[in-house]
């Protein structure tokens, strides 16, 4: 049994589960997980999977999420994006940006220093928190779309800005609490000499953590996909109903919902569903492996190196997920591109040459329409913002 590359002197040496296993199995009599005798090949493998491979992904994730957050903030500021929907996407990207910054710092520390258990736990807590926060935001977004399709007449009353902000706040606090509890138990389990305030071992800490976290991850994944599928079915039936009865008949039966439904297309929902399914599928697969293969302390200790190696792959897939989701939003959402186009147009119209040109045009028009007192100001506003009057994108 090969030992691992941790900077702790011994791991599990005082753990009750490990001591009982040593007494049960004779070949474990001299077995310890130590740092000083770890083979160089395993050190390099852990170093690559935990620090070298995630570094470029963390940088790309930071760039993509910062760009997405900037576009959404600009769209909200110029009132081109609905706040209720994009507040969740903005919160998700801000969380992923924060996680990418911290992940970049931790990977750089890990590259230029030795493999340290504190980096291991900190990286775990960080990505666990951002992953759960992102899952909560995706659940909220899909639930919002489902409500707008299933209950269009009551959607505006049911979903308010205060409710959206409350859901974001509750999900952020819950994700942070779960992540820090996760890291707290990890730290206690990997430091068996700590006895206050609880005696945390592999049996009562690590095994439940792995099982519960994996089960919750699979449950959240299936819930989001179920909400997506339900929304797709309802939208398909609505479109079939509109095509069959005609627009006038549909307007007479649901006049208030006619403005809410066309904005949500089957194509956009389908691409969102596929993007979510693909980006989270590796994480759920690894979670299922954890749930099945590491449910007892005996399996955890005997297969400790494989467990740590899979944890490294979890980090990589979490960073890939943080890259894929904003790119999918950019691909399917025409409103985001309209915001970029309109902001670039606004910046070009704010140059000194364009302002002088607009002033000359406005003065010429004002001289022709001197009877209209407020005409110059109104015309100046129109000229300065004429490129912002592009056609509206899909809701």
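Glycine is treated like the rest: Cβ placed from N, Cα and C.
Please treat TrEMBL annotations as automatic predictions, because they have not gone through curation.
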Checklist entry - So which range, 4-34, 159-189, gets flagged transmembrane segment in TrEMBL? => result 159-189
Checklist entry - TrEMBL lists transmembrane segment for one of the ranges 269-292, 341-364; which is that range? => result 269-292
Item to check | Among 49-76, 159-189, 209-229, 269-292, 312-332, stretch most in contact with the transmembrane segment (125-147) (C-beta, under 8 angstroms) | outcome: 159-189
Checklist entry - Counting only pairs at least 6 apart in sequence, do the transmembrane segment (159-189) and the transmembrane segment (49-76) share 3+ Cβ pairs under 8 Å? => result no
Checklist outcome for this item: With the cut-off at Cβ under 8 Å and a gap of six or more residues from its ends, the chain residues touching the transmembrane segment (49-76) are 83, 86-87, 89-90, 93-94, 96-97, 99-101, 103-104, 106-108, 110-111, 115, 119-120, 123, 309, 312-313, 315-316, 319-320, 322-323, 326-327, 329-330, 335-336, 339-340, 343
